[in-house]
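Structure first, then comments.
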Amino acid sequence: MNDQPATESTPAGSTPAEPTLAELRGRVSAERDRPAYGHDAVIACDRLVRIFSSDGVEVQALQGLDLTVPQGELMALVGASGSGKSTLLQILAGLDVPTAGKATVAGRDLLAMSGKDRLAYRREVVGFVWQQTARNLLPFLTARQNVTLPMQLSGGSGGKLRRARAARSGELLDLLGVGHAMDRRPDQLSGGEQQRVAIAVALANQPSVLLADEPTGELDSETGAQIFEAFRTVNRELGATVVIVTHDLMVAGEVRRTVAIRDGRTSSEVLRRLATDEHGAESVEEREYAMLDRTGRVQLPKQFLEALGMEHRVEVSLEPDHVGVWPEQQED
Ligand SMILES: Nc1ncnc2c1ncn2[C@@H]1O[C@H](COP(=O)(O)OP(=O)(O)OP(=O)(O)O)[C@@H](O)[C@H]1O
C-alpha cells in the first residue's frame, strides 16, 4: 500500500513522467560531484570488516563498521569486551589490515599500503599509547631520549636537526608536565609520569592522529584523571586529533563525543555540549543517538528490544517528524 500523498507532478494513479535525457545527465553529474563519504574527516571507516580465522573457526571482529572522526576531535570509543574496539584501533594504527571495506586516515588508504608505506605511516601519521605503561617506553633510555628516538628514526642528521629534536622533546615533556623528569629512565618515573612521557613519544613526529588503548587502565583513578587531562592539553594546545578506547567512565564522560561499539559495529553515540541557563549557570547537556548506517540500518539498544520483546521483525511507519517502530503483531 502506498500512503504517500499525491503530488501535483504525479497525481495518484498516474505513472510518473519518464525523466528527460537532460535530467538523467543532471542526476549522474550530481552523484559524481557529491563529496565522498568522510571526505572532510581525518579518519573515515566505511563498512569495515575484519575476520579472524584460526583452526577453521571464523570470528567476525568488525562487521561493517562506519566511523568518521573530524580533524581536531578528542573522542572516546567504548563497548563490551570482545566488541571489536582493539581490533579497530590496531587497524587505525597500521598494525593490522582489514578484510574488507574502506579505511582512510589523513588521506592514506589503509587497505592499499605497501609494507614500506605502512612503516612510514606508523612512524609519521599515527601515534599510539598502549595500556601497559612499560610497553610504551624503552627502559634503557631517558624520557628525553625516548621522545627523540621516533624523530631520529624518521631520518635526517646534522647538528641543526639534532638541536631541533632536543628542543621539541623538551617542549613536549614540559607541555605534559614531566619536564622535570627529562633525564630519568622509565624505572625512575611513576606510572602516571611514564604515560605522560608515552604521550610525548607518540606526538614526537607530529602525527595526524593520536590513538590510545585503555591508557588509564593500569592507573589509579586520580592518576588516570591526570592522564586524561594530558590528552585534553595536547588536543587543545596542539590541535591533536585523539581517539581513546576506554572502559573508564570518567574518561568516557569527559569528551564531547563517545561512540559505542557493539558486535563489531558502531551502535550509538553520546554527544555532550555546554549549555548555559537563563541565570548564566553552565552545565553539560548529554544526548544519546542510535547510529544510522549508510543503507538506513539502525541498531536499536538491546534494552529497548528486550523491554518490548522485539525479535526478527518489527513494524515501522513514517510519521511527519519521526519513524515509529512497533513489535510484530501476533496473529490470533
Ligand atoms: N588475533 C585474533 N585471532 C582471533 N580472534 C581474534 C583476534 N583478535 C581479536 N579476536 C576476536 O575478535 C573479537 C573482538 O576482539 P577485540 O580485542 O577487538 O575486542 P575489544 O572490544 O577490544 O575487547 P576488550 O575490551 O576485552 O579488549 C573477539 O571475539 C576476539 O576474541
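A Cβ is built for glycine as well, from the same backbone N, Cα and C atoms used for every other residue.
Marked as compositional bias 'Polar residues' by TrEMBL: 1-13.
Among the features that TrEMBL reports, region 'Disordered' is placed at 1-21.
For the domain 'ABC transporter' (46-288), the mean pLDDT of the prediction comes to 90. Sequence annotations record features per position, and here TrEMBL assigns domain 'ABC transporter' to 46-288.
What TrEMBL records for 287-330 is domain 'SpoVT-AbrB'. With a threshold of 8 Å between CB atoms, the same-chain residues lying at least 6 positions outside the domain 'SpoVT-AbrB' (287-330) that come near it are 3, 37, 46-47, 64, 66, 262, 265-272.
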